[in-house]
Every structure is written in structure tokens, then in C-alpha cells.
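Engineer: Among the features that TrEMBL reports, signal peptide is placed at 1-29. Annotation source TrEMBL lists domain 'Cadherin' at 28-133, 134-242, 243-350, 351-455, 456-565, 587-677. According to TrEMBL, the feature region 'Disordered' maps to 753-803, 827-852, 895-946. Feature annotation from TrEMBL assigns compositional bias 'Basic and acidic residues' to 905-919.
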């Protein structure tokens, strides 16, 4: 006899399920292949690279790889031809058990850019497993009194294959007592059994041997057999009977041991021992069931004695026997199906499939950093997992596929602000209460060269003494770069330019790594006062970034130039010979020693001293301490030697002081022997006498005018102060006027601010006024000169108000040099007043430069000037400059000079101020009259020099 295990309805159901599965997979865009189980190594599965649209040449560079969770290395891909092949033995029953669907899920991952493909390889079943019975022999005890059509259940065979290969048909060996029962359509009830269709007779046949054969539907067919040994018993003709043949129970997982599953109840119509029933598990029950459950033999209660896990087994089938205690025991059977209910007892599982770290700080938005796989062994809502990310980070999670998330860049990165992020990914299921798991990943931000080196300040000022040793360190520049590693390695270099006729690199150099600036050669203040250049700092990034800083190197002067004597006339060098008449009076200027010093400041401030004569004799001559003019101290008499050798020591004020010596030979002659000298002296005596009268007249007029103007101003000021309402800070008294007098004149320096309520004429101005002294007659002149000589015997302490800083010198673009001084005659026979000659201040090194000596006192009347080689114009003796600058003040000195024979000698009145245009307008009004006076003045000056 043969019976088919499956049916037409089951075939249609399986076909519909396969169609639905194929439709769902096509909608998800996955690749599907199929391969038979037990295929040999190297069996072709599919051209996976071609089907995924990948080029063969990019498989290796893009790190083509295949991952299969928990499947080992069953399948591999040949990277040379992109073919998916069988790598090791595939056993469908081992992979999927009795499941109708069996496939290997592959994850294909490629980088650059990161892509993930999902491939399903269906494992086709082959008929490689024969039907297997639980045992090779089954013993049955049947009473001879059993009625016909009695049923005796049998445990059917199982086939590990599926589909047609698992459709079993049974065949019973030929006999006259039993037939094989047709199986039921209910899949949960295995209806295989024996039907008694002929009464048993123990005396005729105490034992019956049968063979039950199971045949599957595969090609070729495989079979399995079991030996049935039937023992015919006597008496006890009522077997126990259960209330139902099938019980279904729902049991939550993780229940504690001792939990009651079900209480079974069976009844026996017999009496006595034949009616007492003992419950037990059938011998066909698997050991796994026996390890999980226990049945009470008396009460029939089934209780839990092992760990029940839904993920391990979703249901259990238990066959229970009820056997009576008759001499010939009879049994009844039932089936208990225990369905396990899922609880949320598994924490989600997080796994980072791929990491692309570190990430560049200039990475575009949307860059994939990591691929995260999540899973949960629970089912239903308990297995639905959602992921979240740490808040306030520039990243986000994007769901790319079922149970897959991509960690992508959501906002711009800046490594200089945050160099690394500690991200925490949290996976939470949908159970109640929900369970969660976390995974941490450190995302390091790779540096990009986006910051240029920066200096602490855009400009540095450096002071270096001249005559420095070659290669000395003068300054160190330092720039910081906010980047990291090679992007922060800063190198320094000079921004090359020309300094005059030479390259900048011949003066200074900079160390590329330390930023130290070195002077390559000794610097000379007289040649170069200010060296301004730029140092460039560049990093080692690609592309390189850089910035510049400006260095202003001021070369400070040292006293390295001795005074140099100037020839008194063209072609004259060495000693000077002068003829002096015996008849000259006291204060007569015999000669003038001229010297210059290439240094500046104190180092260029010169003083003149007359060395004492030999033999201790007193000579009737003296030299001006700062003018260098040699004049008589008294009237000459016959006791004086006819020849005098005068040694004039010219000394600067440097430390140590440098000197030069001039020799002047003075010969005393009669007036007739020096006609030219006499005539010149006569004209020089008459001219100054007349000039003195003119000067006094003009001086009186000027004083009266200024006094009247002052009184008028005071009256107007008082009226305004009395009429205007008092305001705090208005009409505040100005600073007191400083007046300093010396042998050659008086200097008046005042700095006053006009109150706002008193005047509206623009900004306040600063005035410096100089007046020449009123000249005494020739009789008192000698005493005055002696007093002056004593006053100049010791130089006064320099006024610190005249200190001249290097920054101010740079701003004025001028230097301090003494070149040549003019002589302003005060009157006949009077002391000469020395005025500096100067050209306009200009920033070019070739033009003339001007400034007072550093540290010079106001009373010293000593100003130093220099003409550059590019400005050949130099004032001669007696000429005055148009203008020069007062150190420490924005004022410009303007000097107006008139000839000596004019009624008012304008050279004795000098105004220092900012309103130079007003003075120019006044000069224009003089017209031709001023021109004539200048011509006469020049002739007088020439006579005086001779």
C-alpha cells in the first residue's frame, strides 16, 4: 500500500508563496542567484560584478569584498573575472533545517565611494537525505480482545529535505491482520497508524513481524524502514482514552521552572488495576523535549523543568501515553503542542560594518563615515530596532536598508575647533519595556591646510647699534599656524627687494626654521639709518599658505667718526695763516675754525677749545666754545708777541670723545702792511655801526607793536571771560613761557592752547621765538666776552626735554648731522651769533636732513644739520635757512633774513610755528625793497668774512 504525504492544495500554496517571495525581492532591487546544495568546489553561481554594474578593473582598488554573517566562506568571488562560485560544501539541511526557504544572504561592500549591495543565493534542495524513522524497531503489545478497526498510532519517518524530496509515501509489508492508516490533512497531526481489520488470536499468532517502508518523492527515490514487532496479549480489553487526541498550549518564554503547562486526563473503563492509568512520555519524544518538560505519572500534569527560549524553538510536540496496570497493560495516546510566546528578552545587536576614518575637515556634506548593522533576535514589535546618535554633533544616521544605517556628515567640520568626536550610537527595540544597546566610535578629524601662519603683530621695530659684528642675531620673528602636523610647520624667508644699489639679502638673513634674523655685515648709521623689510612665513601644506610681517630696523649711532676740519677757503688745507693789525680792538674776529662730524646727536655736537701756549704766556685770543670763532680778548699792545701759533682742539660729546686739532698762525702787522685787511676792517667797522642803529630803531618799533597787541589781547580776553558763562575747562591758563638766554641770544618757547570760548580759529599752535640780545658798546664788550667764556667753560647739563627718540626720527625721516653753520652778525664788533644752515627735510636719503643734537640744552644754541649728496645747495657763511624742524614738535622753524644795513635786522627775530603760509605772504609784500636790502647785506657779510 502507498499513500502520498502531500496534496494538490499544498503544492498550490507553495507555488503562491514562491511567487510572492519573488515579487518582494524584485521590489527591493536585490540580486538573486540559485545553487544546488552539495555542489562541488568552483561551481559557477553568477557574474556578480557584471550584474552589479561594476567594472572588473575597479574591484581591487575599491576593496571589493563579500561578507556573509554566520555563513563562513561557502561562496567566494573571483576578483579577476567577477564570478561568484562555490567555495566549500553547502548542506541545505545544516543551513536552514526544515525551512521551506533557504538562501545565503551576501553583503557586497566596495569603497570609494562606499556602496553596499545585497545578494541572495537560494540553495536548491536535492534528494540527498533518505526518510529516517525514530528507531529501527518498534514493539507493540495488543490484546487479543481488541475489537476490529482498532487504531494503533505509529511515529512516521522524517526527511531532512523539502518539497517533493520530502513528500513521503508509506508501504506496509503484506499481512492478514493489519492495514496502514491514511495520514490526516492536518499538518500538526501525524495520522500514520495501524488498523486492525482481523481479530487477533494469541494462540494462533502470538507475535507478528511487519516491515514499514517510507519512500520520498525525489529522483532517485530514497527509502527508510522500521521493524514492527507486535505481541498479542490476553484479557484487559479496555485501553485508557484521553479526553482529546490533540492539545494546544501557549507558553511564554523564560517562565520559571515548575510552571504548569497542562494537566492531562485519561479514563479506562476497566476496574481495579486495569483501570489505573500511569502517564508517561512516549519513547518517540525527543531528548530535547524531555529536558524541557516533565509529566507527573499519577496526575498527568506537565510542568516546565528547563529553560524555554523562543529563539531556540518556537514550539514543542509532546506525545503522552496513558498505560493501565492490567496484567496485559493497555495504553492510550494523545499529542500536546506547546507554542512558545516571544518576550522582549534580547538586547539589540550593533555592529560597525565599515569605517572610513579619519575624515577630512573639508569633507562635503553627506560623506559616509560608517555603515552600521543592527539586529534583534526577538520577533514582531520586540524585534523592531531604531537607532539614534549623540546630540549636538555634526553627524546623522540615515537608514539605507532594512536594519542598516549609514553614519554621514551633516554639517561642516573645523579641526581647529574640535579635533575629534566621541559618537555614541544607541539601538532601541520596540518592546515594552524597551531594551537598548550602545556602541561608541571615535571620529578623528584630519587636518586640511586652511590656516595661514599668523604673526603676533603686523610690524616690529628693532634697534641695532651700528658697527655690529657680521652675523649677529638682531631679532627673532615667530608665527603660529593653527593647523597640525606638516600644515603647521612654518618656514621663514626674506621678501627680497633692493636697498639702494644692493639686494636686501646682502644686509640681513633669516633662519628658515627658527625665524632668527641676522645682520650679515656691520651696519653704518651714516650710510643707512632705517632698514625696512618684510619676512614671509609659509607653512608646509599643499597648497602652501603664508603671511608677511614688516621689520623696521633702526641703526643707532655710535661715536665712530672724529670731527673733520673744513678748509677755510677753496684749496686751503693744513694750517691757517691770518694777518691781524695791531690796532684792532677787543672782540675782533681773527679767524673761524670749521669742523663737521659724520655722527649724529651728542656724537656730532662739537665744542672748540684753545690749547694754552708754551711758556705759560697769556695769549690775547680766545675761541668760541660752540662757534669756533677766534677773536681777541683785549686791545693788542707791544708786549704781545708778533707771531702766535694757536692750537684749537675740536671735540665731540661722544663717549669716548673723539677730537681733531686745527692750527691757526696769527701774525700781528702794522696797518700799512695789510692794506686790504685794513680796508676791509674799516668797512666792517662802519657797516656794523650803522647796522646797529638800524637794528635798535626797528627793535624799539617791534617791541612797542607787540606790547600794544598784547595789551589789546588781554583786554579782549578779560571782556570775553567776564561776559561768557563759566564752563569747566574753558579758557584754562596755558603753560608758562620758557625763556632761556645765552651769550648769543635768547630763546623763548611757549606752548599755549587758546580756550574754546575765546577763539574759533582752528587748532592751537606752538610758537618758538628767538631774539638777539641788545648789544653793548665796544667798551663793555670785553667784559661781556670774558663772562661768556666763563659761562661756557663747562657745558650745561642737557635738558631731557630735547631727547630725540628713534621712532620720532623715523617719523620725521631725518637724521642729525652737522655740516656747516652760518654767522649772523649782531652789530659792529659784537659777538657773532651762529645759526644753522639747512635744507628742507625729505624722506629720500639723498636730500638734506635736519634735527637738533640729541640731548642738547635749550641754552646751547647748537643745532646740527646735514646736506645729502643729492642736494648740492648749501648756505654760505651768514646765510640763514628757510625752515627747519624742532624735535618732538610738529612745528616748522621759518627764518626771515634781511641785510644788516636795513633799519630792522629781521634775522634777529625768528618765529617758529605751523602757520608758514602767513610768513610767506609777508615776505612777498617786501617786494623790490627787500631784494635791495639782501644785496647790501650780502656785500656786508662778504666784508665781514674777509
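Including glycine, each Cβ sits where the backbone N, Cα and C put it.
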Engineer: Can you count helix, strand and coil residues in the domain 'Cadherin' (134-242) using DSSP?
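Structural biologist: Tallied per class, the domain 'Cadherin' (134-242) gives 4 helix, 44 strand, 61 coil.
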Engineer: Run through the domain 'Cadherin' (243-350) and tell me, per DSSP, how many residues are helix, strand and coil.
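Structural biologist: Split into helix, strand and coil, the domain 'Cadherin' (243-350) gives 10 helix, 48 strand, 50 coil.
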Engineer: Mean pLDDT, the domain 'Cadherin' (28-133)?
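Structural biologist: Averaged over the domain 'Cadherin' (28-133), per-residue pLDDT gives 84.
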Engineer: Residue counts in helix (H, G, I), strand (E, B) and coil for the domain 'Cadherin' (28-133), per DSSP?
Structural biologist: 13 helix, 39 strand, 54 coil
